[in-house]
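Below is one structure, written out as structure tokens; comments come after it.
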Amino acid sequence: MSNWLEKIIPGMGGAQSKHKSNVPEGLWKKCPKCSAVLYRPELEKNLDVCPKCQHHMRISARRRIDIFLDGADRMEIAPELEPADRLKFKDTKRYKDRLVSNQKATGEKDALVAFKGTVAGVPVVAVAFEFNFLGGSMGAVVGEKFVRAVNVCLEENRALICFSASGGARMQEALISLMQMAKTAAALEVMKQRGLPYISVMTDPVFGGVSASLAMLGDLNVAEPNALIGFAGPRVIEQTVREKLPEGFQRSEFLLEHGALDMILSRNQLRRRLSMLISKMMKLPEPEFENEEELEEEEMERPEPPDNVE
């Protein structure tokens, strides 16, 4: 287009290109639900929730940890763990090559990050799935890191919060992956016997072996609005039963209505609500927010959550 303009009006194409190059890339983002064009700095300030339609966009595991935990006194748990291709698995691509490409793309060694820290002064361990790493699938490293996070809770009397975003068990690790379902469930049973709270926060999406194990084993099962949660996907179910599924089937609002969830919390409510719940469950002092007036002001500025949001 610029070459065509250059021929008709000399200098026009070059000027247009120069002007375009001054606009930073990635400054705007389109909402995948309502198609609103959003200014990225404002979107990030709103915790990656669309101010127009309240759509909760998918975020990285570290971004999740950053907006949930307090800024000080954080420590990553088992960052040294790396996956291994024990089965020498190959489908259309070698598993080893998939691991390398996903590690480069995400900056993570595997699909789970774990930190101990505080939420408004309440001591916790928080783990979050990285969906962009092989669909957040659960393999040996994910299971081991989850168990190590549980062990920190047992050693230091902390609550555990898990933010799930996963397609399920990692097929490239076969039975090793399926074993993680039992391994993580057994670790959570020890937490339960010790009376330490485990809060599962399901984000979009949660499926397969993760939804069938650690994601649904919380003392409180929480979800973000409109998250897709289930075992098999809705299209697979429709093809199997050959029936049209109800509107909103497998969305968090549908699950809450039918008793599969305890509550739905919008992203800007998670820190305050969960820290208050944990402090009551563990009989700890009330959470300490730095400036109560600023907190209330922030909440007033943020858009109202949709219906069915606690």
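Placed from the backbone N, Cα and C atoms, the Cβ positions cover glycine too.
Within the listed segments 31-53, 123-145, 146-168, 215-237, Swiss-Prot records zinc finger for the stretch 31-53.
Its Cβ taken as reference, C50 (Zn(2+) binding site) is surrounded by 21 other Cβ atoms within 10 Å in the chains shown. Of the binding-site residues C31, C34, C53, C31 has the largest number of other Cβ atoms within 10 Å of its own Cβ. Other than C31, C34, C50, C53, the residues of this chain whose Cβ falls within 8 Å of the Cβ centroid of the Zn(2+) site are, in sequence order, P32, K33, S35, A36, L38, P51, K52, Q54, H55. Taking DSSP states H, G and I as helix and E and B as strand, the zinc finger (31-53) has 6 helix, 4 strand, 13 coil.
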